[in-house]
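These features come from TrEMBL:
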- 662-679: compositional bias 'Basic and acidic residues' (COMPBIAS)
- 582-660: domain 'RRM' (DOMAIN)
- 688-764: domain 'RRM' (DOMAIN)
- 653-681: region 'Disordered' (REGION)
- 1-28: repeat 'PPR' (REPEAT)
- 29-63: repeat 'PPR' (REPEAT)
- 64-98: repeat 'PPR' (REPEAT)
- 99-133: repeat 'PPR' (REPEAT)
- 134-168: repeat 'PPR' (REPEAT)
- 169-203: repeat 'PPR' (REPEAT)
- 240-274: repeat 'PPR' (REPEAT)
- 283-313: repeat 'PPR' (REPEAT)
- 317-351: repeat 'PPR' (REPEAT)
- 352-386: repeat 'PPR' (REPEAT)
- 387-421: repeat 'PPR' (REPEAT)
Amino acid sequence: MIESYGKAGIVQEAVKIFQKMKELGVERTVESYDALFKVILRRGRYMMAKRYFNAMLNEGIEPTRHTYNLMIWGFFLSLRLETAKRFYEDMKSRGISPDVVTYNTMINGYNRFKMMDEAEKLFTEMKGRNIGPTVISYTTMVKGYVSVGRVDDGLRLFDEMKSFGIKPNDVTYTTLLPGLCDAEKMPEARSILKEMVEKHIAPKDNSIFMKLLTCQCKSSNLDAATDVLKAMIRLSIPTEAGHYGVLIENFCKAEDYDQAIKLLDKLIEKEIILRPQSSLDMEPSAYNPMIQYLCKHGQTGKAEIFFRQLMKKGVLDSVAFNNLLCGHSKEGNPDSAFEILKIMDRRGVSRDADSYKLLIKSSLNKGEPADAKMALDSMIEAGHLPDSSLFRSVMESLFEDGRVQTASRVMKSMVEKGVKENMDLVAKILEALLMRGHVEEALGRIDLFMHNGCSLDFDRLLSVLCEKGKTIAALKLLDFALERDYTIDFSSYDKVLDALLAAGKTLNAYSILCKIMEKGGASDWSSCADLIKSLYQEGNTKQADILSRMIKVEYLNGFVHELFHPLPLLLSDEDVPGFAPDLKLVGNLPFSVDSAQLTDLLEGAGNVEMVEVIYDKTTGRSRGFGFVTMSSVEEVEAAAQQFNGYELEGRALRVNAGPPPPRREDSSFRGDSSFRGDRGGGSFGSANRVHVGNLAWGVDDLALENLFSEQGKVIEARVVYDRESRRSRGFGFVTYSSAEEVNSAIEYLKDLKGRPLRVSQADAKPPRRQF
C-alpha cells in the first residue's frame, strides 16, 4: 500500500497508512520503514526521513544495508552531501559493509557534485575489496567523467569494461556519445555508433542522433552524417523531418545538390514531414536553399510539392513563397505563379518586388498583358513602386493588344505614383482614347497629369483629332483647355473651328468661338464670317446677330479687352459681316451714362437700333465709351455732326462714324488723326502732360485717350509712330486739364492686365514734327 501510494505520488496517504499500522495492530518492520523512506525521499522530504529513521532506531529496529543505501540515495537526490556522507560512515560504524549498490550510489552522488576525485577513490576502493564493478558502475563513472569534460578518461573506462567482458548497455552508449561530440572526437563517435548498430542496441533517448548529425556535419564529414541517418533506419528509430533537414542544409552548403535532392525525394515520397508524431521540424535554413536551387534549375514543380507539405505543418515562409513565384515566372508558367500569389494574398505573406517583376515579364512574354496588369496592380498594393520601364512595358503591351482603357488605368497609376517618364506613350494612349470616343476618361487623365506637373502637347492632339474628323472630341478637348487656361496655339483654334464648320456643327463652333473670344483668344475672321453665314442659313439668327455684334465690338475695341496683349486682326473691312457706316463709336462718355440714357440722347438724330455702353468686367464701372447702330448711313452722319463735341455732364463727346482706320494684316489698330476729332487745342508743351511707356503695338490715339479719360478730362492723347515704317514706337503722351488728373493717372495706371505700364510726368518740350 505504501509503495503504491508512493508511485502514485500521494505521499501523505502513504504516511497515513504507515502511521495506522500500530492502530491496526500491524507490526512495523525494517521493510515497512524502507518502503516509507523510498516514498518520502523520492519527493525530497529528507527531514521527514531523518525523523522516521530516528523513530525506527528508538523502536529498536536495526537498519539494514538496503536501508542505508536508500537513505544515502535520497540525501544525494536532495543534494544533502554531508548528510549522505554521515550516513555512509554510520553504516560502516555499525559494521555494515558497503556493497556494489552502495558504491554505485556514492559514486553517482559525488558525480552530482562534480567530485570525480572522491568518486575515483570509491571506485578504486570497490575494486580493492574485490567487489566487481558492474555495467552500472562503469556507466556511472563514464557519466561523471563526461560531465567534467574528461572524455578521454571516460573512453578509457569504456574500453576497460569491454576488456573485462562487461557489455555496455544503451545507457552507456548514450552517456558517452554526447561527450565525444562535445569534445569533437567525431571519428570515435562514428566508431561507437557503428558498434551500437552491429550489436543492435537502440538507445532510449533518440535525441543523441540529432546531436550526432549536427556534429558530424559541423566537422564537414557528410558521409559520417549520412551513416547516422542510416543507423537510425537500421535500429528502427523513426526518422523525422528535422534529421533530413540537417543533412539537406549541409549538402546544399557543400553544393552537393544531387545528394540533397535524393534526400528530398525520400522525404517527399514517404511524407515524413506530415507524420503526426514528428517533433523535429525542418528549419528555414534547410528548406529555403533547397527550394531556391530547385526554382533556379527548372524544378519549381518539385519545389512546390515539397513546400506544400511544409505548408500543411503551418509553414508560411515569405522567402520560399517568393522563390516559387520567381521559379514559375522564369519557367514560363505565369498561371502557376498566380496561384502562389493568391495563396500569399490569402495568408498575408509579404511579396518581393523582384518576384513581381519576373511575374509581369513572364505574363508579357506569354502574351497575357491583362495578367501582367493584374500583377502590376498587386505589386502596387503590396507597397512596391514599379520603375518607369516596368510601367512602360505593361502599357505598351496593353496598347498593342487594343486594350486602350486598361492601358489608361495603368497610365493613371503611374502618374499617381510620381513616375513622369514615358510621356510619348502617354500621348499615344490619350489620342487613342479620344479617337475611340472615351473623351471624359481622356480629359480626366489629362487633368491628373497637369495637376502632377506633367506637360502635354494640346496642339498636336487637337490637330490629329481635326484631321481624322473627330470634331466632338476636339471640341471637348479645346473647351477643357480653355476653362483651365492651358496654353493653346492660335492656329489650333482655327483648326477646330474649321473642322466643326466642315462637319456642319455650327452651334458647336459658335459656342467654342464665344469662349475663345471671352478668353481673349484670336481666330481667323474668315472662319467667323463663314460661321455667321451658316448660322443664318440654319435659322440660328439670334446666335448670328450676337456673334456679328461681338465681332464689331472686338474689331473696334480690341484694345479694351486685351489692350496690353493685342491680337492680330486677319480680316479686311469688307469681310466683316454687316460692316457699313451704320456703326459709330461714342467716346469720352460720362461714367454715369448708361445705354438707355445714350439712346435717349441720340434718338434726336434718327432711329437707334442698338446701343452698348462698355463696362469694366472687374469693377462694373463704365469705361467711358460705347457703340451705336443707326438705321441708315445718313442718320449715322447726322448723329456724328450733331453730337461730336457735344458737352454732356461737363464732358465733350467724341463721335466717330464709319469704318476704323486702315491697318496692316499683321497689326491691330494704327494711330490716325482722322479717328480723333477735335480735341480743343491742347499742347504737348503743357505742364499737365504724362509720358506713357510700354504700350502695346496695337494701341492708337483713340485707345490711349479712352483709357486715360477714366482718370480725368483728356485734352490730347497721341501715340508716337516711326516716320518710315509708321509702326508704333510703344510710347505716347497724354495731356490733362489739371495737375490733379495727372497725379491720379500716374497713381492708378501703373499696371494693367499683367503688362506693366510706365506712366510718369512728362517734361515740357516743344512738339516734334513726327507727331
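In case you wondered, yes, glycine gets a Cβ from its N, Cα and C as well.
Pairs of Cβ atoms less than 8 Å apart link the repeat 'PPR' (283-313) most often to 240-274, out of 1-28, 64-98, 99-133, 169-203, 240-274.
Same-chain neighbours of the repeat 'PPR' (352-386): 318, 322, 325-326, 328-330, 332-334, 337-338, 341, 345, 393-394, 397-398, 401, 403, 406, 409-410, 413, 417, 419, counting only residues six or more beyond its ends whose CB sits under 8 Å from a CB of the stretch. Outside the repeat 'PPR' (387-421), and at least 6 residues removed from its termini, the chain residues within Cβ reach (under 8 Å) are 357, 360-361, 364, 369-370, 372-373, 376-377, 380, 428-429, 432-433, 436, 438, 441-442, 445, 448-449, 452-454. Same-chain residues lying 6 or more positions outside the repeat 'PPR' (29-63) and placing a CB less than 8 Å from one of its CB atoms are 2-3, 5-6, 9, 11, 14-15, 18, 21, 70-71, 73-75, 77-78, 80, 83, 91, 94, 96. Averaged across the repeat 'PPR' (387-421), the predicted model reaches a pLDDT of 92. With a cut-off of 8 Å between Cβ atoms, the residues of this chain six or more beyond the repeat 'PPR' (99-133) that come close are 65, 68-69, 72-73, 75-76, 79, 81, 84, 88, 91, 140-141, 143-145, 147-148, 150, 161, 166. Sequence-remote contacts of a segment are chain residues at least 6 beyond its ends whose Cβ falls under 8 Å from one of its Cβ atoms, and for the repeat 'PPR' (1-28) they are 35-36, 38-40, 42-43, 45, 48, 56, 59, 61. In terms of DSSP secondary structure, the repeat 'PPR' (240-274) contains 29 helix, 0 strand, 6 coil.
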